[in-house]
Amino acid sequence: MDEIGFRNLKAWKSLFVMVRFVQLFHPLPDHARWRHAEQYSRDLLQTTEEVDESSSTTPHHVFICRRTHPGHCLGIFHGENPLNCSFNIILFDLVLMILITTVLRLLLKPLKQPRIVSEIIAGIFVGPSVLGQSKKLTEQVLPDNAQFVVANLGAIGFAYFLFVTSVETDFSVLRKVGKKHVYSAVIGVFFPITTVCIVAYCFKSSIHGNLAKPVGIGSVASSVSVTVFPVIYLILKELRLLSSEVGRMAMATAMVSDVMGIILVFAFVAVKHGQHSAADALWFMVSVIVLMAFAIIVIRSVLLWVVDKTPEGKPVDRSYVVLILLGVLVMTFFSDMFGLLFLHASLLLGIVMPDGPPLGATMVQRSRTVVMELLMPFTFAILGLNVDVFAMANYGWSNLEPLFAMVIAGYLSKLIAISAVALFFGVPFKESFTLGLMMNLRGLYEVTIFLKWLDEGILETPTYTLMLLLTTLMTGTCSALICFIYDPTKQYMTNKRRTIQHTPPGTELSILVGIHDEECVAGLVNLLETSHPTTTSPFAVFAIHLFELVGRAFPVFIDHDKPERPPKYINYKKIHNALKLYQKPRSEYVKLRSYTVATVKRTMHQDICDLALTYKATLILLPFCSKRLDNLAGSEIVRHVYGKQSINSRVLANSPCSIGIFVDKGYHNPIAMQYYHQLFFRRCVVLFLGGADSREALAYADRMASNPEVSLTAIRFLSYNNIGDNEMETKLDDGVVTWFWVKNEGNSRVAYREVVVRNGEETLAAIQALDNDTNELWIVGRKQGINQVLLEGLSKLSENPELGVIGDYVASTDFGSTASVLVVHQQIMRG
């Protein structure tokens, strides 16, 4: 048939809102030959032009008419299918992706799989490999017009993802990386590239299409050799390895690798432009230089001005946030206009953004949830829509074998190279191998680049499918192996006693003090002063200021005794100076060393335990809640209180020594340090319910009893007729109580009593009877070894497990006491 014509075009347009035409003899692109039928029709539509009333037909054109979906429907009560409306289709696709991803995350979590693996599999699930096998379902859920919208929303989501992750990237860290990281990165990039090229040469007769060209081989080599920092940061954060020694090493190495990767990407795109003419490559480089200069000189200056205009301690004004988010789209437009990858602009804008508070932190906090939870599902959907395992199976193993060999050889060579370099620099084998696995982690950046190569014809649908599956498999395998091989908490499992009870008298007591904010300082220093350090019983105090890392990816560890300049956004001076002011008049018997750690909350416990292990601390003192709840909004209560309690719980689970959790009810002026030599707890009460924690609490209280300004009352609770007693625990309790009483028998400031109770109700009644306005500090063991008869019926009353049942009750507002509370947990031997 030479010509297809329509005499009544207007009548057809009343039925078909959109009419498109393509050339009748338009050649089928090579890279689309193996695509799914739906994908091919989409390729055709992308090469068409919309016909209006002024369009004319020719003998060389064929009309393809498709019915568009109305924006909204009247409802099911009018007999309409909700999925016939474009708006409902997009909503349904979003909900479907989120549900599938959530289910997969729950299923894969026991296998130690990161979130990215679940999201990629969810995208594959909605594509032609699974749900797409049903043509009717595909037409309903993901018709061609909906796929066009999903693809564009996915691109926007990926642009914002790169922006958010690059905001958290601080390239100033490159000034501090050592030779170990530089050599690991350089060898870890060039050795896999060389290996891939050698394998490609061996299979040169089997490689077909654009993949056989230098550009194709270089694309595969770069994908397996370069580790992108934002990707490895997100996965290590999820695995809670950011603060581990190997995690820090991996991020520093990835930072160097990332810089090399950016250079390689620009070189790759320049070479690709140069295939047409040298002038194209030259104009591309000029565009890159102009865009980078504009971002660094103009945009960064404006952003620094915004930071200067923002009052200290306040978030950035909302109007600036909106303008910056709009600027991401503007920069992406210009990047695409200049022939760069659209992702370069958002990446560059995020890099020039001042990291940390107020601007970087505000941008991350305001945009992360929307980007990660609402836009990114579309990105993974479009990735999965181009995956077709059936096309890969039909493609033939002989055609896929060269690519498979190149990818696997590249990953293995990178693992060997990184591990060998780390071993050369003295890193133990287990840590070296773990580092090699970490550097093989891949994520959204790499798989999105695969999609770009697919669109440019470097990859075909079968080879794209193989690349994405191998990348997902590699990331999942490496994550599982990392969790199986490397556990940073194992080093805390010591078989050496580091408790107050077992510390010989007259020896230095090492105490690690955790500080969240200024309001923590007064109470903790008062507690130290009450503990009565002397020249015969000196203290070595290691204070660690814990600062939540927001808007920055690389953790910061600052030793204030070293000439190191902390980031501007960390307000450490008041706390550091206050501690120095406390220590200065006590320098003969109190040694002080202070640190500041900025990291995410989920890994703060590792920094605390690492420092305690390094300095062989006997006791870790942590605040329970330093902010008054009646001064906080509901969301802030959750953020401050729950965050600190979760840190305390993780320290309790991993600590290499004893722990004291301090509930300060004094609400002192946080910086009134000039009066600290007069402030301490004068009346203390010890609630001894038996067990290891109570013995540790009594041993700590014994140190306070030596303070001439402190009066101490010790109350031992016994069960009626010794019901429920553990014979071994009772003997140990008797020994410690006898030692304490004999030592303090002549001390008029120390009193000892015993109370017999039948159940938990009588225990609380006895504690209530002890409360009076003169008590200033309650000291209680947490829970280890307590006779459960003493707590009978009280387990449901406890809301804070880290305080134990009795500690939680005494600290609660229901108890009504104004005295502060110290809950003591003795070290658990795990070695």
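Placed from the backbone N, Cα and C atoms, the Cβ positions cover glycine too.
Pulled from TrEMBL, these are the features on record:
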- 98-475: domain 'Cation/H+ exchanger transmembrane' (DOMAIN)
- 578-671: domain 'Cation/H(+) antiporter central' (DOMAIN)
- 685-827: domain 'Cation/H(+) antiporter C-terminal' (DOMAIN)
- 87-108: transmembrane segment (TRANSMEM)
- 145-163: transmembrane segment (TRANSMEM)
- 183-203: transmembrane segment (TRANSMEM)
- 215-236: transmembrane segment (TRANSMEM)
- 248-270: transmembrane segment (TRANSMEM)
- 282-307: transmembrane segment (TRANSMEM)
- 319-343: transmembrane segment (TRANSMEM)
- 374-397: transmembrane segment (TRANSMEM)
- 403-426: transmembrane segment (TRANSMEM)
- 433-454: transmembrane segment (TRANSMEM)
- 466-486: transmembrane segment (TRANSMEM)
Counting only pairs 6 or more apart in sequence, are there at least 3 Cβ pairs under 8 Å between the transmembrane segment (183-203) and the transmembrane segment (403-426)?
yes
What parts of the chain pack near the transmembrane segment (403-426), using Cβ distances under 8 Å and only residues at least 6 beyond its ends?
179-180, 183-184, 187-188, 191-196, 199-200, 202-203, 207, 211, 217, 220-221, 223-225, 249, 253, 432-433, 435-437, 439-440, 463, 466-467, 470, 474
Pop the mean pLDDT for the domain 'Cation/H(+) antiporter C-terminal' (685-827) in here, whole number is fine.
89
Tally Cβ pairs under 8 Å between the transmembrane segment (319-343) and each listed stretch (87-108, 145-163, 215-236, 248-270, 374-397), then give the stretch with the top tally.
145-163
DSSP-derived helix, strand and coil totals, residue by residue, for the domain 'Cation/H(+) antiporter C-terminal' (685-827):
64 helix, 32 strand, 47 coil
Are there three or more C-beta pairs under 8 angstroms joining the transmembrane segment (374-397) and the transmembrane segment (145-163), sequence spacing 6 or more?
yes
Within the same chain, where does the transmembrane segment (215-236) have neighbours whose Cβ lies under 8 angstroms from its own Cβ atoms, ignoring anything closer than 6 residues to its ends? I mean 6 or more beyond.
114-116, 162, 165-166, 168-169, 188-193, 196-197, 200, 207, 209, 242, 247, 250-251, 253-255, 257-258, 260-261, 264-265, 268, 271-272, 275, 403, 406-407, 410-411, 414, 438-446, 449-450, 453, 458-459, 467, 471, 475, 479, 553-554
Report, as numbers and ranges, every residue of the chain located at least six residues beyond the transmembrane segment (87-108) whose Cβ falls under 8 Å of a Cβ in that stretch; write 'none' if there are none.
69, 71-73, 115, 117-119, 121-123, 125-126, 141-143, 146, 149-150, 153, 373-374, 377-378, 380-381, 476
